[in-house]
Each structure stands twice: as C-alpha cells, then as structure tokens.
Amino acid sequence: MRSSLAPGIRLITSFSRDSGYRGFTLFLTFLFYTSYHLSRKPISIVKSELHKNCSTLIRPPNLNGTDNETWCDWAPFDQDNYQTLFGAVDNSFLVAYAIGMFFSGIFGERVPLRYYLTTGMLLSGLFTCLFGLGFYWNIHSIWYYAFVQAMNGLVQTTGWPAVVACVGNWFGKGKRGFIMGVWNSHTSVGNILGSLIAGVFVSSAWGMSFIVPGIIIASTGILCFFFLVEKPEDVGCSPPQHHEDNEKEPLLQNSSVNEEIFSSPGLSNSISSESTEEHTEAISFCGALRIPGVMEFSLCLLFAKLVSYTFLYWLPLYISNVAHFDPKEAGDMSTLFDVGGIVGGVVAGLVSDQTGGRASTCCVMLIVAAPMLFLYNHIGQHSLGTTIGMLLVCGALVNGPYALITTAVSADLGTHESLRGNSRALSTVTAIIDGTGSIGAALGPLLAGLISPTGWNNVFFMLITADILACLLLSRLVYKEVRGWCGHSPRQRGFKEI
C-alpha cells in the first residue's frame, strides 16, 4: 500500500516524469553556469596579492633588489601603472567575451547544446589553469596574461546562450520570472565560491587560485557531456507551452507598434506565410533585433552590467584600499555583494511575475540603486555592520535588474509570439541581449582602472551615472506598462503593449 511507503519515497513518486526531468535540467544548468562564474572570479581576488604595500611587510634578507616598495609584488604589476595593467587584463577577457557573444548564439542554435557546452567548459578550464600556471612557470609578461584572459573570454561565451536556451526549452512562461530568478542565483553562487576558493590560496600560492577553479569547470564539462538533455522531446517528455490562445500570457501584445516594427516586407511576409507552421530554421541576427523590446533591454543591460562587472572585478581591491583589509578578508567581504545579488534576483523575478511589469521592476530597482551606491561610498566603511548592510543592499539593487533581464526577459523575448513557435530563436536573442550587456561589462572595469587613480569617488560617480542611463532607456516600456495598469490596455502578465 502507498501509505506504507517511506515519506521520502512518497515525495519522490509524487513528481511526474516530466517534472523530474525539468528539475534535473534546472539543477544541471545551474551547476554549469555556477562553474563558469566560479572560474571568472579569482582575478579580482588575486589583484591585491599581485600588487600590495610591501613597506608594511618584513623583507627576506636573501632577496635580491633594492626597491623596498615593490619587492613583494608580482611583475609586471609592480609598476606605478598597475591599475591600468589590471584594467588591460580585465578587458582582454571582457572585450573578447563581448565580441564573441554576438556569434555564440548563432553557433549555439546550429550545434547541439550538449557538445557546445562541453567544449566550452573544457577549454575554459584549460585557459583558467594556464593563467595560474604563470605563477609556477615564473612568467612576468603582461602579454601572456592578457592573451590567456582573451582566449578564456572567447570560450566562456559558450555558456550563457546555451544554458538559457536549454532552460527555455524545458520551461514555459508560467512563473518564469520567479523560477529564473532563483535559477540565476548561480551567478552569485559562482562568484561567492570563486572568491572563497581563490582566497584559500591567494596569500600562499596564488596560482592555485586559478588552477582549482579551472579543474572544477572542466569537470562540470564532462558531467554535461554525459547527462544534459537539451529538449523534452529527446526523452519523450511533453514540451512546455510558451503561448496559449485564450489565457495566453503573451510576451508582447500585437499592438499597432508591433505591426509597424514587423512591417518590413521580408519579415512580415515570412511571418504571415509561416503563421500556421512551426519554424525549423534559426532566426537571423537582424530578425532577432526586430523583436519588440530587444533593443531597449539590450541597451539597458549594457549600463546595468557595467555597474555589476565593475563591482565584480574591483570591489575586493576597493575594500582592501579603503577599509585596509588583507586580500583574503577583502575577498570574503566582497561575497556579501553577491549574497545580496541572490536575494535581488529572486525578488525581481517574483515581483515582475505578480505585477506583469518586467521593465517597471527593473526601473524601480535601478532608481533606488543610484543613491545607495552614493551612500555606500561615503558611509559604507564607517563600521563593520554598515559595510555588511550596504554591501547586501547594493548587491540586491544592482544585480536584481541584471538578473531579470538576462534570464526571464531574454527567455520571454526569445519565445515572443510573433516568432510563431520558432524555438530556435532563443539562443540568438539571449546572445544579442547579453552581448550588448557585455560591452558594458568590458567598459566598466576599463573605466574603473583609468578613473580610480583620480579617486574612488569618481568611480562611484561613473557607476551612478550608468545606473541612471539604464533606467532612462526603459522609460518607454515603463510608460506602456503603467498605461496598461491604468486600464488603457488589457492587463497581462509578462510584457505589455510595446
């Protein structure tokens, strides 16, 4: 009898076969992208070890050289322009990532996702390890570290479009904002784990701060090859419904503006001629750009990601310089920003599901983030409690909109009803949005490296300006959503009339 079954077994058997596979896919993709971010984080932790204040340390008597200020630094980062060099290393990764992202989605729709992710994680593990091996091989060339970072940035573009496309294949709209908000915590979890792992080795042998994460991401690549299921149809599960005829929850209503956007002869003819049959061809780059909302959210993400990645790469060094923590303590403290990011992503997804306003949710969080960044810079280091509280709040407000746009918004736009069931558009749309955002991710750390010698106040003014610009870029979409709430158009979950 069923009543005699153990409680744990009853719980397991209560899930359908489809639910089991969906949960397993969600867990795997969470694990995969956690490893991607885990392998990106060490450089921000190691910076404060590559260049530190040597005058406060005891110099070994048998050490050659006479410079008491830089004897403990790692060349070439022992120079006065070390911040510029750090910015160059960061941007080698981020510029390659931004450029590669625009092509990654196109490849991701034409290559099996399992092979694509596996190859990307194995290569990323290789290049992450090569950066760490520079410590053991005693390499002091800036060109070596810049090249390794550039190659790592290129292969890391395999991750995001592929995992979002995979999750989009398994989950319909429903509570996509909440589900993907929870799922997107992999970004912050990866950053936290990367900081903690790098912090263990940073003061003794910083090369291991890269080698261990490199081994981890390569191992998850092998796991991907053996266990990832790309589509429900591959294992006989029912596919999710992205659009319904009655209840619908369409991503964007077919407004007159939509018709205008899709009024070009090539696009409108293709849509009308294929309205009753499912697309089998991958969408073109220009076709994806014409989807309503893609441009606004892409440009908004550019500035939102600029702020987020500046914190990702420079926060430990800022804490070390301003609060005078050692490298490990600064790295551990910086993880609080990512803890706040987890909460922010979940809250943003939940609120946008309940209100139906993706753009409005992002806009409100961005508006509040600007004064919080100002306060953190001015009072955030007054006490340990203030530092912890401000890092948590700033992390939630900065990463909330970033998480919402890169997950639920990208998936919504990639399954837009105007695509008439073309399931192969999701990877390209995701790549366009995240690729545009990655331009900001490259600019942020670069600008921080150039501006920080003039004072950290100027860096924070730059971040506040970027937040305000991100908010302004969503103003048209927010206006449409507010009009919908006021009864000027039917209220629906997801995006309103665009």
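Quick reminder: no glycine exception, Cβ is built from N, Cα and C everywhere.
Just so it is clear, the model here is predicted, and its values are computed rather than measured.
Per TrEMBL, the feature domain 'Major facilitator superfamily (MFS) profile' maps to 28-483. For 21-38, 84-103, 115-137, 143-171, 183-202, 208-229, 297-315, 335-352, 359-376, 388-413, 425-447, 459-479, the entry in TrEMBL reads transmembrane segment.
With a threshold of 8 Å between CB atoms, the same-chain residues lying at least 6 positions outside the transmembrane segment (425-447) that come near it are 87, 90-91, 94-95, 97-98, 101-106, 108-109, 157, 160-162, 164-165, 168-169, 279, 282-283, 285, 287-289, 291, 294, 297-299, 301-310, 312-314, 402, 405-406, 409-411, 413-416, 419, 459, 462-463, 466. As a quick check, the transmembrane segment (359-376) and the transmembrane segment (459-479) clear the bar of 3 or more Cβ pairs under 8 A, pairs 6 or more apart, so the two touch. With pairs at least 6 apart in sequence, the transmembrane segment (297-315) and the transmembrane segment (388-413) have 3 or more Cβ pairs within the 8 Å limit; the two touch. If you count C-beta pairs under 8 angstroms between the transmembrane segment (21-38) and each of 84-103, 208-229, 459-479, the highest count goes to 208-229.
Among the recorded stretches 115-137, 208-229, 459-479, the one sharing the largest number of Cβ pairs closer than 8 Å with the transmembrane segment (297-315) is 459-479. Residues 40, 43, 47, 50-51, 76-77, 142, 145-147, 149-154, 156-157, 160-161, 285, 309, 313, 317, 431-432, 434-435, 438-439, 441-442, 445-446, 448-450 of the same chain lie 6+ residues outside the transmembrane segment (84-103) yet bring a C-beta within less than 8 angstroms of a C-beta in it.
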